[in-house]
Ligand code: SF4
């Protein structure tokens with residue numbers, strides 16, 4: 001497993017790398033200097049299970065807001081910097097727990113040195129991030145286009161620039177919206193470095209396509225033992241990114257906890273509003289910190305069988321549903337009372 005052998009990097013009170021649990025990140029989409037909105041969004045992200053949050057720092061006001069934001073949140077805060085090295089320095093002076101830069105776009109060696117010196121003084125990790133969209137012209141020419149090999153070379157070149165200033169408190173990320181290029185780049189990179197990797201499919205898209213691309217890409221990468229922290233990027237509410245990231249990790253058995261809902265696809269036998277019910281159940285179970293499986297099945301053909309595999313389940317009938325626990329039918333419940341009945345069962349669940 002690559003991730004068992006990566007370097008451990010401390011970000012605020014959290015650790016990534018070296019076999020530590022894969023942490024879930026997201027990024028705010030508020031104006032960072034709007035402290036009230038930014039804090040509200042971070043608290044919502046925390047409640048959903050976000051473990052590290054990143055805010056963009058495009059201005060001095062944004063950098064200065066970090067201090068106030070940090071006082072009101074409970075997870076490490078990462079500053080995202082582009083172009084202006086002074087923002088990186090200011091973000092660290094204002095309490096950023098980590099910074100994300102692309103050393104290729106913040107200016108010459110003196111500017112990079114100023115950033116590294118501040119990081120070194122405060123022992124703040126730097127994430128070196130490269131994106132397929134900003135791959136250097138020379139590498140595009142060398143590899144005849146934007147390729148996984150080019151991305152890896154670019155990332156490792158950037159790492160070397162920082163290592164030359166005698167600093168190795170680093171995390172690397174390589175992002176591409178081309179899923180298979182991203183997979184290949186991570187495979188190549190994992191062979192060549194032991195810095196922890198921040199994994200994500202960038203510009204993945206809306207909720208629908210972004211979730212699919214992220215699940216496929218992150219799924220392949222994580223399954224190979226690569227990746228120490230993840231972000232699912234979606235064009236939407238960042239809270240959705242956390243839900244998806246948690247589901248991806250749980251599906252890969254890389255994280256425990258949370259109720260898993262299984263539900264049938266419905267068919268001509270279904271005689272209750274199973275689609276509506278399954279959606280309501282999925283939302284409802286999120287508030288229960290139980291590590292169990294709930295089955296929501298449309299009929300008694302496969303219902304009881306599937307529900308047997310689950311800890312608790314419902315199998316629909318005509319306007320009614322059977323409540324099933326560990327394969328045993330407990331009782332018949334009118335359709336309108338199914339959700340409430342399930343909720344009460346979960347409330348009284350003995351852990
Ligand atoms: S469980 Fe019943 S309703 Fe659901 S798909 Fe199977 S046969 Fe159809």
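Cβ coordinates are placed from backbone N, Cα and C, and glycine is handled just like the others.
Per TrEMBL, the feature domain 'IspG TIM-barrel' maps to 6-245. According to TrEMBL, the feature domain 'IspG C-terminal' maps to 260-347. Annotation comment: TrEMBL describes 264, 267, 299, 306 as [4Fe-4S] cluster binding site.
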Under DSSP, the domain 'IspG C-terminal' (260-347) has how many residues in helix, strand and coil?
32 helix, 27 strand, 29 coil
Among the binding-site residues listed here, 264, 267, 299, whose Cβ has the fewest other Cβ atoms inside 10 Å?
267
Averaging the per-residue pLDDT over the domain 'IspG C-terminal' (260-347), what integer do you get?
89
